[in-house]
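Marked as domain 'FeoB-type G' by TrEMBL: A:4-171. Taken from TrEMBL, the feature transmembrane segment applies to A:279-297, A:335-359, A:413-439, A:451-472, A:510-528, A:686-711, A:723-744.
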Amino acid sequence: MSKQIKVALIGNPNTGKTSVFNQLTGLKQKVGNYPGITVEKKEGVCKLPRGVKAHILDLPGTYSLNTTSLDESVVVELLLNKNDKDFPDVAVVISDVENLKRNLLLFTQIKDLKIPVILVINMADRMSRTGISLDIELLEEKLDTKIALVSTRKGTGIDQIKDLIADYKNLSITPNVDTTVIAPDYFEKLKSTFPKEDLYKLWLVITQDVNFMPIEKNPITIAASFATKSKSELKRLQQKETILRYQFINGILKQAYKVDINAAKGLRATLDKILTHKIFGYLIFFVILLTIFQAIYDWSSYPMDFIDESFASASEWVKDTLPPGVFTNLIAEGILAGIGGIVIFIPQIAFLFLFIALLEESGYMSRVVFLMDKLMRPFGLSGKSVVPLISGTACAIPAIMATRTIENWKERLITILVTPFTTCSARLPVYLIIIALVIPEGRFLGLSYQALTLMLLYLMGFGAAIFSAMILNKIMKIKSKTFFVMEMPNYKLPLIKNVVYTVWEKTKSFVLGAGKIILAISIILWFLGSNGFSDNFANADEIVSEQIEKQGFSDFNKTNIESTMASYKYALQDSIEKKAYALDHVAISDSLRLKEMALQEKATNQEIASYKLENSYMGYMGKAIEPVVRPLGYDWKIGIAVLTSFAAREVFVGTLATIYSVGSDEEDTIKNRMAAEIDPRTKRPLFNLASGISLLLFYAFAMQCMSTLAIVKRETNTWKWPAAQLVFMSLFAYIVALIAYQILK
Amino acid sequence: MTTTVAHLRRGQKGIIKEFADGILPIKLLELGCLPGNEIELVQVAPLKDPIYINVNGTHIAIRRSMAALIELEITEDFPL
């Protein structure tokens with residue numbers, strides 16, 4: 001097999017670089033992170049003519065090689081380090097025909113590094129509409145390169161890029177601009193000190209951290225301590241270099257680039273006027289947010305229900321088909337349920353990224369930042385943080401993934417850290433059942449207390465998010481770009497292919513990245529809840545059966561069976577009287593007996609499950625933490641439910657159902673059973689106003705979701721942040737719940 | 001008339017004057033904010049900040065505080 005040609009795609013943001021990458025590589029892409037940092041690394045393979053293959057690296061978008069952000073320093077460090085395994089054989093600079101002048105700045109810098117470079121001029125389809133004409137031959141000659149005129153929208157010119165890459169050895173590596181003229185003496189001195197090094201490279205190394213110091217800097221092998229000039233002097237020289245390059249570019253474009261001004265205006269100005277309007281702008285953004293919300297909250301519930309049912313029945317099938325035993329249980333209740341818990345997120349992630357891809361691709365997202373910047377700035381958040389914060393109300397997982405669009409690392413990190421405070425849909429079942437139990441019915445200004453409580457919980461979630469963002473903004477010492485300069489790209493119709501790739505790639509990265517962690521934790525939780533070390537656990541079936549034989553069912557189950565039987569009997573007699581069917585006495589008593597037996601069997605199973613859970617590892621853990629949760633007004637049963645709901649908050653209700661040995665499928669029964677629970681110490685209902693409010697507050701603030709922790713680990717590339725989140729949020733929740741309970745009790 | 005970008009009204013244009021070195025972030029220069037180039041104020045965000053300018057064909061949003069550092073010579077005055 002022949003050696004792969006290493007290609008690096010470089011370009012300004014918004015030039016369609018990703019489209020070019022997608023068209024070159026298709027779905028043969030790999031997305032990861034650069035080691036140690038959170039900059040996304042995209043790679044792929046492209047087949048060239050004559051059986052040659054190219055390894056394509058899509059570098060982060062950058063306006064120049066003067067680094068001001070982590071993304072840009074990734075590009076510069078790669079291009080300066082010949083020993084890097086990704087150092088390109090050939091660089092492909094992607095430019096956009098409408099912004100050619102600005103794009104060429106970066107091109108000339110790369111050319112001066114003496115790396116073979118091809119210029120791609122993208123969006124050729126817009127030339128006629130915007131009145132641009134180009135003299136490609138003259139450009140090739142003056143820039144001393146090869147040019148491919150491409151339209152990723154129409155799919156033209158891609159083959160030409162491939163041909164040029166295959167032919168990269170024939171590219172000239174003569175520099176475009178002689179940078180030394182900006183300070184001849186200085187460069188002369190440099191030359192005599194480092195006679196073997198390339199001067200422009202040296203210059204880039206020296207100026208690399210004038211504007212920006214990366215969090216982690218890879219040492220570059222040449223002595224970078226040539227600090228005979230102060231930072232401000234170096235900055236001034238960088239400005240001179242920029243002006244020099246623009247002079248060079250202007251000189252070329254004057255001859256090779258013509259634009260008919262009259263054709264250029266129009267749609268963009270009109271759209272900008274509407275979309276950034278002080279009323280319509282916000283209104284349109286609000287409607288878009290509502291649609292996103294509706295999609296991830298409502299539309300995705302259909303595929304989610306389907307996934308839920310499919311996995312439940314698959315689990316049943318495994319239990320019925322395989323011989324009973326530990327292994328079968330592991331597959332049915334541990335692994336299958338764990339995978340189900342991952343797959344269930346896919347609809348929400350796909351929907352959210354469908355919208356985000358559309359917003360990004362169309363150029364609208366920049367307008368959102370423009371609209372929201374002033375509002376979000378005091379909290380250390382970006383205008384783009386609005387989308388994750390709002391989508392967090394459905395689910396924090398896709399919301400945290402959506403922070404990828406925020407370029408500034410500090411703003412992004414703060415958004416990631418505070419998003420889990422927003423009230424996600426998994427908290428809703430917990431809220432609803434507790435509110436129904438402890439908040440009295442009644443109205444205030446025509447609004448029911450229960451509805452007001454729910455609204456208050458939502459507001460508190462947002463409040464906690466905003467408030468902690470403000471604090472984090474104050475205390476976090478992260479060097480990042482302090483100024484705000486954002487390009488407002490032209491509006492474009494989104495390319496379906498790019499949108500599909502984004503959705504596909506995000507879903508894949510969730511399943512493969514965070515999915516592993518979620519699966520591992522859910523198997524551990526399952527194991528803890530369905531295994532125990534005591535004899536009580538091993539002999540649960542016999543112990544419970546014996547107990548039932550001696551003492552009968554628990555009071556609640558007894559009355560439950562009696563009342564169900566009574567109403568069944570009544571219904572039966574009623575239908576006989578109405579002549580719905582004719583039955584003799586034997587048939588009636590048979591039917592009643594069967595019904596009773598079924599109810600008893602169900603009750604027995606529920607009591608066994610309850611007994612097992614109580615004596616499992618999880619049960620012991622629940623009892624062990626009782627002293628800790630007692631001051632919050634909880635007993636060990638609630639303690640167990642709090643522990644198990646770490647898998648997902650909504651599991652709280654199901655766990656309580658198991659532990660109170662009622663069927664988890666009847667919500668009213670669970671509620672009645674919870675209402676009937678008496679705290680043996682106070683002789684009052686366990687779920688009273690004080691403990692109820694305490695639980696609500698605990699669930700509002702605690703980091704009760706392993707999937708969120710897993711995705712934060714993936715997005716921040718370290719366990720440090722999810723661990724901090726877990727500790728801080730749980731502690732905060734505990735303190736708030738404690739205060740509430742102690743005041744109200 | 002001399003003014004700064006922060007003082008422009010919507011639709012107004014001006015030519016960037018020479019500015020002291022090192023005041024503006026290099027990024028702004030790369031995007032075309034160079035002496036002699038023309039700036040047009042395209043749009044002001046509803047809360048008055050940031051502002052949206054067109055410099056040399058490149059459309060960028062910057063905050064008012066930074067805009068106040070860019071000095072201009074007004075060329076075209078719209079009767080607004």
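Just so you know, the numbers here start at 1 and follow the chain as drawn.
Glycine is treated like the rest: Cβ placed from N, Cα and C.
Sequence-distant contacts of the transmembrane segment (A:510-528), counting only residues of its own chain at least 6 positions beyond either end whose CB sits under 8 Å from a CB of the stretch, comprise 330, 333-335, 337-339, 341-343, 345-346, 349, 397, 401, 616-618, 621, 644, 646-647, 706-707, 709-711, 713-714. When Cβ-Cβ distances under 8 Å to the transmembrane segment (A:686-711) are tallied for each of A:279-297, A:335-359, A:723-744, the top count falls to A:723-744.
Against the transmembrane segment (A:451-472), stretch A:413-439 has more CB pairs under 8 A than any other of A:279-297, A:335-359, A:413-439. This prediction places the mean pLDDT of the domain 'FeoB-type G' (A:4-171) at 88.
Outside the transmembrane segment (A:335-359), and at least 6 residues removed from its termini, the chain residues within Cβ reach (under 8 Å) are 288, 291-292, 295-296, 299-300, 303-304, 307-308, 310-312, 314-315, 318, 365, 368, 387, 391, 394-395, 397-399, 401-402, 405, 494, 498-499, 502-503, 506-507, 510-511, 514-515, 518-519, 522-523, 526, 647-648, 707. Beyond its flanks by at least six residues, the transmembrane segment (A:723-744) meets 417, 420-421, 464, 631-633, 689-691, 693-695, 697-703, 708-709, 712 of its own chain at Cβ-Cβ distances under 8 Å.
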